[in-house]
Amino acid sequence: MSKTIKVTFVINNGEEKIIEAPLGLSILEVAHSNSIDLEGACEGSLACATCHVILEEEFYNKLEKPKEEEEDMLDLAFGLTDTSRLGCQIILTEKLDGIKVRLPSATRNIK
């Protein structure tokens, strides 16, 4: 059995969904495989910002800095914050155990 970590998705209405997610998947993949409404229109190819999520600063700081392509797409995201990332670019590792991922109230798909 592959190792899992705890991921909490905070949905727009404040509801929290706690999921045991396998290491190596992206936040976008975990959302899709657990019926969480995180769009991902470009399927993780860094061509949109519909998988925009907001992280707690503690976990944001555990990630590598976003690449320029991700930053360019984040500039298009609705409700951008200092701890915004694209869900397709966050790959689960052990150091992210307990991560809380907040979904923004809306998305903007500019392709």
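Using N, Cα and C of the backbone, Cβ positions are placed for all residues, glycine too.
What Swiss-Prot records for 5-107 is domain '2Fe-2S ferredoxin-type', and it gives sequence analysis as the kind of evidence. Mapped onto DSSP classes, the domain '2Fe-2S ferredoxin-type' (5-107) shows 24 helix, 26 strand, 53 coil.
For Cys42, Cys48, Cys51, Cys88, the entry in Swiss-Prot reads [2Fe-2S] cluster binding site.
Within 10 Å of the Cβ of Cys88 ([2Fe-2S] cluster binding site) there are 25 other Cβ atoms, across all protein chains. Each of the binding-site residues Cys42, Cys48, Cys51 was ranked by the number of other C-beta atoms within 10 Å, and first place falls to Cys51.
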